[in-house]
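What follows is a single structure, written as structure tokens, with notes after it.
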Amino acid sequence: MSADPPNQPEQNGDGYAYLSGLGNSFASEAVPGALPANGHNSPLLCPLGLYAEQLSGTSFTTPRHRNLRTWMYRIKPSVTHDPFHPRTPPNPRLLADFHDPNAAVATPTQLRWRPADLPPRDADADLDFVDGLYTVCGAGSSFLRHGFAVHMYAANKSMDGCAFCNADGDFLIVPQQGKLLITTECGKMLVPPGEIVVIPQGFRFAVDLPDGPSRGYVSEIFGAHFQLPDLGPIGANGLASARDFLSPTAWFEQVHRPGYVIVQKYGGELFTATQDFSPFNVVAWHGNYVPYKYDLSKFCPFNTVLFDHADPSVNTVLTAPTDKPGVALLDFVIFPPRWLVAENTFRPPYYHRNCMSEFMGLIYGVYEAKADGFLPGGASLHSCMTPHGPDTKTYEATISKLGGPDANTPTRLSGTLAFMFESALIPRVCRWALESPSRDLDYYQCWIGLKSHFSHGNDDGPSLAPTDDGDKDGEK
């Protein structure tokens, strides 16, 4: 008897086939008949002489609606490798435990970084995704299974003869320049700027750079997984639709690869083990714990249609919740092209102090709250209760429209795509990020020009504002 038929893939226009849906249970075969029949996961003898191997993303006893696991049917099991050893050379700019003040420090200062330079095309300076990855900030610890890290990457070399495995947490990768061709144990995904990709904890993957040098952003969460946010009064539709998330279809290679290296990130440190075969030897798989990608242009944004500026939470794409309702370990929020129609309203983001901490990046265009200085590939960090908001030029340009014909004219915000990683945890900032030549030490200057527009008269009664001589109006 044959197994249940695998899901039917769809073409995405990039030359690869994908499975549609977030949170679905999928089945995929690169060779027909590779999946076990009769509902078996681990039969006495798997079809085609394959090995059965389960990858668990949650504990066995996690409630069923949140239980994540995938069964893989592979030519050789992943356990077939030499012992792990600390990687030489290490990557000293990776961190997964933010309790060490020698590596990361607390600061309430508003921080901004210019785009990182891409590595030059020089054999002595070649960096693949693993070597080009560096931590900017984070909180908590992968050892305690609670927290997050924000990384950035700049690479000019495809991964060759090696695969990466993150044992610490889930990666959400946001390419800003240059496509990523990501090979995973479940198959291949092509991810250009304007799309994101999530690689769950424990998956082995390799990153190729089909366009040449690439840079971007990475958020990492410890002890949780991303999911779609609840929609509440919005209703059943809107924001990111589950059907627009795409997972790869089974793909495998059966080649002898002496000296193939598995690079494992564990506690923020890198370890390596060698084996004589490619880890991408999964002929078939089924389950709901899979990598996936999402095209941000398919996001359906919501906005105010009469007055005031909506809170940014209305543009949440994915969230990693905590045990406290409505409080996120990490939200991924975007600021996409959209219409601005609010009347008699300051339409850019408002001035703000937030109990959450906000790390922002810009994929392309100009961010609506920063006329200057915040560039594509750059980043900013406004930590818990640190004031932030529009710069002087943006504020003055906006209020200058008051009383004019354009004050309430609907406008389409186009040609821009910014995003935010927002967390309830208070981040520490890595020392190398604070000391980076890309850090904009004059960031604070963008607000220094904000002047007082306060004015009042005495026609309507006495004022309580003190006069120059210290008396109060009305007290003569």
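Cβ atoms are placed via backbone N, Cα and C, with glycine included.
Residues or ranges marked as active site, proton acceptor by TrEMBL: H309. What TrEMBL records for H352, E358, H388 is Fe cation binding site. Sequence annotations record features per position, and here TrEMBL assigns homogentisate binding site to Y367, H388. For 297-454, the entry in TrEMBL reads domain 'Homogentisate 1,2-dioxygenase C-terminal'.
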Averaged pLDDT score, the domain 'Homogentisate 1,2-dioxygenase C-terminal' (297-454): 95
Spatial neighbours of H388 (Fe cation binding site) that are distant in sequence (at least 6 apart) but have CB under 8 A: Q110, Y351, H352, R353, E358, H382
The residue listed as 'active site, proton acceptor' to Y367 (homogentisate binding site) - Cα separation in whole Å: 15
